[in-house]
Amino acid sequence: MGPGWAGLLQDKGGGSPSVVMSDTDSDEESAGGGPFSLTGFLFGNINGAGQLEGESVLDDECKKHLAGLGALGLGSLITELTANEELSGSDGALVNDEGWIRSREDAVDYSDINEVAEDESRRYQQTMGSLQPLCHTDYDEDDYDADCEDIDCKLMPPPPPPPGPLKKEKDQDDITGVSEDGEGIILPSIIAPSSLASEKVDFSSSSDSESEMGPQDAAQSESKDGQLTLPLAGIMQHDATKLLPSVTELFPEFRPGKVLRFLRLFGPGKNVPSVWRSARRKRKKKHRELIQEGQVQEEECSVELEVNQKSLWNYDYAPPPLPDQCLSDDEITMMAPVESKFSQSTGDTDKVMDTKPRVAEWRYGPARLWYDMLGVPEDGSGFDYGFKMKKTEHESTIKCNIMKKLRKLEENSGVDLLADENFLMVTQLHWEDDIIWDGEDVKHKGTKPQRASLAGWLPSSMTRNAMAYNVQQGFTATLDDDKPWYSIFPIDNEDLVYGRWEDNIIWDAQNMPRILEPPVLTLDPNDENLILEIPDEKEEATSNSPSKENKKESSLKKSRILLGKTGVIKEEPQQNMSQPEVKDPWNLSNDEYYYPKQQGLRGTFGGNIIQHSIPAVELRQPFFPTHMGPIKLRQFHRPPLKKYSFGALSQPGPHSVQPLLKHIKKKAKMREQERQASGGGEMFFMRTPQDLTGKDGDLILAEYSEENGPLMMQVGMATKIKNYYKRKPGKDPGAPDCKYGETVYCHTSPFLGSLHPGQLLQAFENNLFRAPIYLHKMPESDFLIIRTRQGYFIRELVDIFVVGQQCPLFEVPGPNSKRANTHIRDFLQVFIYRLFWKSKDRPRRIRMEDIKKAFPSHSESSIRKRLKLCADFKRTGMDSNWWVLKSDFRLPTEEEIRAMVSPEQCCAYYSMIAAEQRLKDAGYGEKSFFAPEEENEEDFQMKIDDEVRTAPWNTTRAFIAAMKGKCLLEVTGVADPTGCGEGFSYVKIPNKPTQQKDDKEPQPVKKTVTGTDADLRRLSLKNAKQLLRKFGVPEEEIKKLSRWEVIDVVRTMSTEQARSGEGPMSKFARGSRFSVAEHQERYKEECQRIFDLQNKVLSSTEVLSTDTDSSSAEDSDFEEMGKNIENMLQNKKTSSQLSREREEQERKELQRMLLAAGSAAAGNNHRDDDTASVTSLNSSATGRCLKIYRTFRDEEGKEYVRCETVRKATVIDAYVRIRTTKDEEFIRKFALFDEQHREEMRKERRRIQEQLRRLKRNQEKEKLKGPPEKKPKKMKERPDLKLKCGACGAIGHMRTNKFCPLYYQTNAPPSNPVAMTEEQEEELEKTVIHNDNEELIKVEGTKIVLGKQLIESADEVRRKSLVLKFPKQQLPPKKKRRVGTTVHCDYLNRPHKSIHRRRTDPMVTLSSILESIINDMRDLPNTYPFHTPVNAKVVKDYYKIITRPMDLQTLRENVRKRLYPSREEFREHLELIVKNSATYNGPKHSLTQISQSMLDLCDEKLKEKEDKLARLEKAINPLLDDDDQVAFSFILDNIVTQKMMAVPDSWPFHHPVNKKFVPDYYKVIVSPMDLETIRKNISKHKYQSRESFLDDVNLILANSVKYNGPESQYTKTAQEIVNVCHQTLTEYDEHLTQLEKDICTAKEAALEEAELESLDPMTPGPYTPQPPDLYDNNTSLSVSRDASVYQDESNLSVLDIPSATSEKQLTQEGGDGDGDLADEEEGTVQQPQASVLYEDLLMSEGEDDEEDAGSDEEGDNPFFAIQLSESGSDSDVESGSLRPKQPRVLQENTRMGMENEESMMSYEGDGGDASRGLEDSNISYGSYEEPDPKSNTQDTSFSSIGGYEVSEEEEDEEEQRSGPSVLSQVHLSEDEEDSEDFHSIAGDTDLDSDE
């Protein structure tokens, strides 16, 4: 047999086809031919060598590839056939033409190497193969598999299997297969048990490597292996060693050349050689494998029988005897391994099971349920986990082959494969490095702390000796300490150390070496790691003296037992609960971790998937409004009937009512058809708004018991009806059937109260709330009318539900909270996304107006912020003024949009704003109901008002927190929606009990009981035992107790009796507060009581009375109760005291009545308790009285009678009605309730008396203690502070109080002194010292001790008295330092903006627009050189050439200083940048081009906002308005505010008379009038002439004369006001006359225009005054040379100059150069004609000169400086056409001819301090003179409105009352806002006015 055959057979055992042939074959094949190739038949004829004949179409490469295809098995089939023919004649190997080589002489004969037990039989079988070829031989069972496999391979060899880590059993069979014809060989094998680890080896790789090694090397390695494993291999003959067992057979864990693991070799039960272990099991393994093989082997054997028909030998054997028929061999019994008693036969033996049924222990363990489901029998037979056994072969042979191949691979490849030992943990860690061989080596190193205590003492720098080490480790040196009884080293796990646990690893469930048996948990009581029981008592401490806690606990243990027996305290279940519960030993699944947690809200029972309608999910407009005003919020969920403007119902008259029965049936049929068409089943029909109508489907009515529920659904949202049912214990009949809803069986209640067994409660449930509902029968007379625009529809109603109190499941956000703001933002974003989806344009686009219309309360900036995320604003092109969707932005899908905002979030937000509106209507400000911070929430809850506490954001948060266990609810209180105790109050209270804060008497200061008779430590044992006998404790129990146990029982029982108010020895009571457990229990009981009460009341079908008389009587009772409560609050008396006083008063009154009447016959009509005799019922209504006699029983048991007399007719009627209509039971309950109330009062009285008694005793004890100390002087109650006003000198208010008469005066010098007065110092001394009771001065002998507080207060008074306060008006104007020109951080930080700035100030708005334009110019590319001023050090000659430098930073600072009242001045300075660049750099320079682009951008921005800027400029300068009415109203308003209101003591006429203070004023005065009303009329332009204005002014005087009389001081003040008004009007007579004339002319022109417009539609629009009316040839225009301001045609002007000649002149005059140059070039300017109004407003020459010289005095108060433009048009068209040519318009500082003291407008400071004046003012009516660049001052300044002072509170009130004003705007600088002496009138412009 040659090596080639070995290679072939090894390939059949699982090798790769590429190495089937020998080296010679490989060489020939590589040459191109290869062996006999059967594949050549596919492409033509082949020659004798098996190659294609002739020149075929295939080249050499294709032929090679074709030869390679022979690996599919065709070539091997022919090779085997030919080989069989040649082998039939001879045993030796033959040389084949195809390259099969002959065996070498020195080849090892593998056929002799065999297993020990089968050597003879195999050799016999081999030699007798030719004679006995039949299968059924004597020993045929052993090789049944191998023979059939071999024959099967001869007929049709299988294709080679793919390489893999595991091979099938059939391939493994081929390795050791033996052919009976002699061609099969047996590879050498070593007997060893199978190892699961060997199966992991890659068979293909090992076989490949072995084939590549060559047969000679393989044989050598095998012989070397044999020498290592066979016994005496080097001494005995080779054949003799084969007959002896090998080392691996005796010791399966032996590895040649490896480290011996003695625990594995000689472990427990493993030290006996396993020689006999496989002696009897060999045949059985084969038999088991045959049984498991089944049908496959039978088919193979049938094929073998057909082939071997000539073999006629048959052997008949008797069946093997049963095991019980044979005697067991003692040696086998002794040497056999100990089998597990729990294991069962898995088919590996032939013995018959015992007839007795045997129950496997694991069968009825914790997995019994699963075994029952799988049908496993009791004995557990046949249970295999679904695993499959592998087909058993000679495992030792396979394992030997695998090891041999691995070694060959390792030797050839040079790669060292990791041995098994390398994977042990001991080889993974470098534990050798941690061994301390010498203590000196680690002396200077620190040992590892976790190992130091186990290693013991080692000398180091820290622990030089053992004592120091013990101290460091915390050990004590005493030997008496208890040592631990266990080893300090961890305990070894014997199963891990000695057991073969790795055999139980499942490597392949389909290829198991044996079937695993279910393990049984066994607890070893000797296992030190197991704690099998809990110790009963706590272990004593290790110290010699027990601790105080342990002593106390042991001593109090008996007293607790006694108190539990007597029933004083309950047995404490929490101690038992604290112990761990005994777990089921079979419950190994950690079920406690899967139980539902109680932290969250109680989950909804059953499925709670709420599917809203499509319109609701998409938040469509009618159902989910984007904005709700105050009216809609007040009508929230209570919509009024809508009045239709069109449709059938818009017309009056009778309308028919349509029935809906047919429509309902028709709609139901249509929906059923639709459902059937879609395939049946459930279907969702609420898809469109039309589906939400009430005209079809089933309807129910639900009436909510709460007036304003915390949460309400919107239209289209779904709600489920759940029927909660709690089963009865034992046999339960099931839940009753309900018409609506789904039944849910609940064990724990989803409500605050629990359900009773057998109780069913229906509930509304959705994502917002859960609320119980109660079905009521609808009266048959009721029906439903549906009103639409088309008509009326009627339908029936069957059922109505009453909805109980809601249990919120969704938290309502607080106002202005983060959640609310986030919802507003997301809601707006969702609306924008839906608008884009609706857009049909491409790209999609929307308008800002659509969003502003839907969200009017949102500012444009917030909307723009949302839009910028997804869209761009287009200013030009096709999409101009549209927001176009960004190209790179993906619109969210519908599902994503729905996820952003849910309908529940909208409902919560609506509930919040509706409640907010209700609170505002009730008078609460916004700050009062802000949501509190979380950490201070409990304190905040105690401080807020009751109405705010009932707001939904507070109640829902409280309920949800209570459900999570974070707090408790108040249950009864202000948040009860019913108001009568039938609902829950959702207000947070802490979990721990707190002292009740009722309106009781103030409790006295609790003093310590130490040293008093209430001190339990002073109570003798004898007295204590006597107290116990009084308490009823048995004598035998008392004897068992020690002293402190007796004291404990006394204290506990006294406390219990003191709580109930009955304890005679309550002085020994301690800790009257409830424990947490009692508090929780009372809370649950109270919740259950209210829950049951609510169910009873709301489910009641009793019809309530609606009698008006009874309700009025009840109202009167409520009023009386309210008065009683007020009295209680004022007097701080208890209700018992009040009732006693009231009874005493009634008794005395009755006595007086009896004495007055003189009749004593009323004593005959006696009735017992609560019975009455009614007298004089038939008397007249005026003289009726009711006498009620009541019999009482006092504390001693004596009876006495009291008589009550009632004279109120309503009370008499109510009493008689109750007596006549109600039965005795009702009256008894009513009286019983009253009796219960009295009983509570009685208990309260006892408690208070006991406290008073205790106080008296304590006071007496204090008197007896020592000499009476001097009592502190009793301080009188501090009266109200008598503050003296600093302005008027009156007492009772301060100068900042608006009740001060001089509060509104501004021109009068302040009368408050600079320093503090003596009276103020005295008042301050009283206020500084807070604690009046503390003795501040003590006299001890000759020493006087001053209190620390007294010294501190004196220092504080002295410090405050030294402060001098100067009014700002009296201070000289400060010169502010000019800010440097280089502000480095200008573009890094935004400027600080005051939070108090006026929002509606047009100057601020204009400045913000201009600043945004500056930002846009700054963002242009390459504009950096113009951002900041030019550095003079870098560019030294710049300021020599440029005299007026300008840059963007300076421009920004000017804007922030409000220096630009118009865009023309702003543009002029920007144009100055361009001119400077052209002057210095040249007109063609790149920097000049960049500056020109900045100017172009500015012009573009100004043109975009042309209309808005024009309106702002008009608002800044009202006198320049086109309308003369505005100027007229402006002058009148200044007369009122600065002249009439400045009259001393005129404050009573400033505002309307308060009706509360003067109740009869409006009865006397029919037409009231005041200065504020006049100002309102002025702002509304109601006065178009002075006559109408004077009529109202005179009406003030007439009203004062009428009400106060002509001699009253008020009348004199009113007369002075009228005189001032007449005087001022006379001064402005000429100007006002011209304005009246112009207003009248404009009116007439408007009327004429209206008439002409009706005739001729082409008539031009507004009236244009004619030149003769406007011009006066005698006037002249004075020109200021420096006032060169560039203005465009859109500048505001007082007059219009439509003359074409004037425009031409102005255009020529303006020029396009610098202002100064233009003046020099043109010389004199032709003066245009001025109007009469212009002439009136011209200043005198002297004043003009003063203005030009800049020499205004501080006392100068010019009326105003009007900015006039000579441009003739305000139209946008003309301004656009004239934009390139900027006309030069001259501005004049004009003022009316008035005296200085009569002026209405004043400068703030002189001309030199112009920058301060500009900062302080928003209004500029004067010209702006360019400052000298070298100076810090300006020639002129803008004036601001001075005079009339108004407080901020009054401004707010005025704005709320009268709305915004149009007169003036003043912005206070920060300095002036901080000053309390400067106030300015500030109204709003007509831009924001609604009027």
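Heads up, the Cβ atoms here are built off N, Cα and C, so glycines get one too.
Checking the candidates SER18, SER839, SER1702, SER1820 against Swiss-Prot, the annotation phosphoserine falls on SER1820.
Per Swiss-Prot, the annotated phosphoserine among residues SER1054, SER1100, SER1799 corresponds to SER1799. Per Swiss-Prot, the residue from the list SER278, SER1802, SER1823 bearing the note phosphoserine is SER1802. Between SER195, SER487, SER1412, SER1690, Swiss-Prot assigns phosphoserine to SER1690; no such entry appears for the others, which is not proof they lack it. When the residues SER340, SER1311, SER1693, SER1699 are compared with Swiss-Prot, the one annotated as phosphoserine is SER1693. Taking LYS404, LYS565, LYS927, LYS1284 one by one, Swiss-Prot attaches N6-acetyllysine to LYS565. Break the compositional bias 'Basic and acidic residues' (1139-1148) down by DSSP state and the numbers are 10 helix, 0 strand, 0 coil.
Taken residue by residue, the domain 'Bromo 2' (1519-1628) breaks down under DSSP into 73 helix, 0 strand, 37 coil. Secondary structure of the domain 'Bromo 1' (1397-1505), assigned with DSSP and counted as helix (H, G, I), strand (E, B) and coil, comes to 71 helix, 0 strand, 38 coil. For the domain 'Bromo 2' (1519-1628), the model's average pLDDT works out to 91.
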